[in-house]
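Student: Take a look at this one; I'll ask things after.
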């Protein structure tokens, strides 16, 4: 009866149409998503977007710390405005904007235990409030914004993958409505049964879902309503009342659910008309298909990614009349912040860059170019300049939230507040804990102070100063005091005084030296501590658990490659360096067979420079530390260090020979041929390598043009010059005072006072001096001055005579600031150089663009063989330099070829390996670079990336003492991840072993050698081998030995053997073939195979390695199930190893 009454009421209910007229816009209006919050209206005046956002934040109670997460959005034009955008408002202005949270970090709430939570940096993790990403007003507003996006369709639902998934999505939508209604009703004391009468669930679900329900028959609609009513009553009666659920909990739960229910919640997707990825600075063409569509995805936790949109996935809105949509609706769906597609197997994104890797951004009209430290750049052609500014400001904002809060990547979108803070030496709203911590780190001296914006008030600046006061016992102790500075329209005023100045710097300059009295304490301002590059504070976000800090070479571990004296041929003497003699020479590079025991196969000589440190030098360890440091720097603008030779009492550094020698000598000899453009390119390359060193927290220490080598001269139409920075020689930390003074003005002033005051700021001073030399054709500054005059030059804080270019003069002046803390960040230097290049065409000449070339096609005449890396029965792998430009400026690659091209089977196998590798792209698989065709394509060579550390089989025995069990499990995890990817692409490796796992670094391994790899079809489970090839039988599973069938699970068996190799550190006595032969007895040929198969059938397996934890050996045994279906899969192994690496389980495990 009740159900019938409801149906009757539904049939008799009439629709009422609203006749309300739309409101007329007035001037510029900033609207909010919070109910009962009136818009802000400006009828005239000029305001920046940042100023409007601050007004909105004040209205909502959003703190200065969280205000940087917000921006202004136009829902009509679908445009985000950069913070420096200027709105000029007059009587004709009619503009409606929305205040929105733009910068979002997935799992900021920490409820997703499968991914790292995002927190703010904090000195201590004791308080969740200190590390929380959002304050309460920001959370409240984000909740309202999320509700609006969810219900209006701005955050569209993820695409269902099945009918069951569709039902699941509908249920989750109803669950969202339950949470929202329960949130709104909380605290009203309303009876539960009244909720569905007051709150209509259709107002809380997405518009698309609401429209879909309206199309269903009345009985279905009533059933949904009744089910929802019961669900709502149950949730409120049981969950809300019995569990003391708060509004805060419901807000967080609502938002966290949206991250999985909707499409890429909190991300932004751009669809450029053209996307080009340039691999290096000389690549004028890059790669990009003008006929293809691309997407660029930007997210707080994922950085910048891109994908090529397959033609088959592009929507055809007119193919189905029922799915037609207006142009406006399609535009909204394609450009909304959460992305247009639910991830599928085709929805693969390629990471271009994390925010920390970006150096600067350049905007030209509607094209945005994002530059990385490795000289790669992404060129994004967008529809309009407004979209270009939106894209650039998004990346710039995330950079300040994750990398450096006081730096901007692009002047076109730089917030005025950030520019002002940099020039004034003022920090953002950092916490008191970070302010006092910085003062302690800077020296903890009386009078030191920090300027920082208040965390609670947009109109106040805090002056935190170190002072002294007496304690209760009469003793004097250091303490911190905070003085307030009020921001006024006319400037800044120190609260409690009449002291007012137009700028903060003028105010602190006036206060410096004065005695300020407060609370019976006398304060003096002596030295300010401005923001420093990459400074960590609560302004930055960090994921949890924190990643381990990278190992530093300055922590007492000296590593270098030893070279035998007989491999060096010393030629003529070239001159003297600091405590060194320099010779030209030749280095013999020897090639051996696989085991290195069969004798010398080949010897090549390369031209080198020998720097000999004589026996009279007392502190050899400092020189060796420099060698160790330079050995681990990999940058194309850094000279290659081959290693060191210690013979008798001499220490010899062996460095690559660079064709045109020191830059200063070349510039002096060719001064008439050098154009401003030539000099500018040299400066840009030098800044590039120094930015890399700064981010790596490495210091060169002696920048000057004589330590800059010229590999390509770039004259006579031969392209651009190409420099390489040489080693600094003997470090300044062991130089005498006289030697330090001799290096004026290249040595930073603070190092003359204290040679051990070595920091990145030293290289900034050196760059300024080197830039001066470049502007003056390599002439040495202060070359006619004596030591006493040079010393007085620094004491008087003298400045070099600046060049004619005012832009470069300003840059040199900033770099050569006598206060190390005020020297610019190298990212800012790179950005400034690019700005000068753009604004002053006379400095940079036009360059004829190169013709497009296929980067995967290598020409044989440019492949220079360096040495053999390995060989087998039919093939060999060599280390080569691919150097099409000459001058040793090319890239090192590994080249695989056949010893004899007459073997047709092996030739086809190599071609198959090429086809396999070109299809694979994963961080744990050796990268395919291309092929080299010879003899008209009859023969080929496979070009791969070069990994200098070699294979695990070679690496582990040599580095056992430095390789922990934790590191071994990291390698095992990465191998599993690579193999899981390989299987997902329907490939079976068939030759997984430690010898085929290569080291990119101490923390990254890659799977190589795909010579035996086979592809299986989607409808097949295994591959049957028919050809006869040499096979690694001791790594093979039983089905491979008996039936010659290879499953994906067969690779799991091989991984178990590889894991055994890892846990034995690949020592010879535990080599798997030897272990199996000891188990089954020595034999040959088919008898060995028969005995091995019988042993495996009997359940005999490799024993647990010594000191191997039980839990690890258990994984080996799981890999060695006799039948493929009895074996664990790689996905499960990944979960196990991730758990072992992230918990204390390994340390608690009992060893075998």
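Each Cβ is built from the backbone N, Cα and C atoms, and glycine gets one as well.
What TrEMBL records for this protein is below:
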ACT_SITE  991  active site, proton acceptor
BINDING   869, 870, 871, 872, 873, 874, 875, 876, 877, 896  ATP binding site
DOMAIN    26-406  domain 'FERM'
DOMAIN    568-843  domain 'Protein kinase'
DOMAIN    863-1141  domain 'Protein kinase'
Student: Looking only at the domain 'FERM' (26-406), what is the model's average confidence as pLDDT?
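Tutor: Overall, the domain 'FERM' (26-406) comes to a mean pLDDT of 84.
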Student: What are the sequence-distant neighbours of residue 869 (ATP binding site), meaning same chain, six or more residues apart, C-beta distance under 8 angstroms?
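Tutor: Once residues fewer than 6 apart are set aside, residue 869 (ATP binding site) is near 877, 878, 879, 894, 950.
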Student: Tell me the Cβ neighbour count for residue 991 (active site, proton acceptor), meaning other Cβ atoms within 10 Å of its Cβ, over all protein chains shown.
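Tutor: Cβ-Cβ neighbours of residue 991 (active site, proton acceptor) within 10 Å number 22.
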Student: Around residue 875 (ATP binding site), how many other CB atoms lie within 10 A of its CB?
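Tutor: Result for residue 875 (ATP binding site): 20 neighbouring Cβ atoms inside 10 Å.
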Student: Fill in the CA-CA distance, residue 871 (ATP binding site) to residue 991 (active site, proton acceptor), as an integer in Å.
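Tutor: Here the two Cα atoms lie 15 Å apart.
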Student: At the level of the C-alpha atoms, what whole-angstrom distance separates residue 875 (ATP binding site) and residue 991 (active site, proton acceptor)?
Tutor: 15
Student: Check the DSSP secondary structure of residue 875 (ATP binding site), expressed as helix, strand or coil.
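Tutor: Reduced to three states, the DSSP call for residue 875 (ATP binding site) is strand.
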Student: Going by DSSP, is the residue listed as 'active site, proton acceptor' sitting in a helix, a strand, or coil?
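Tutor: The three-state answer is coil.
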Student: Can you check what DSSP calls residue 869 (ATP binding site), collapsed to helix, strand or coil?
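Tutor: The residue in question, residue 869 (ATP binding site), is strand (DSSP, three-state).
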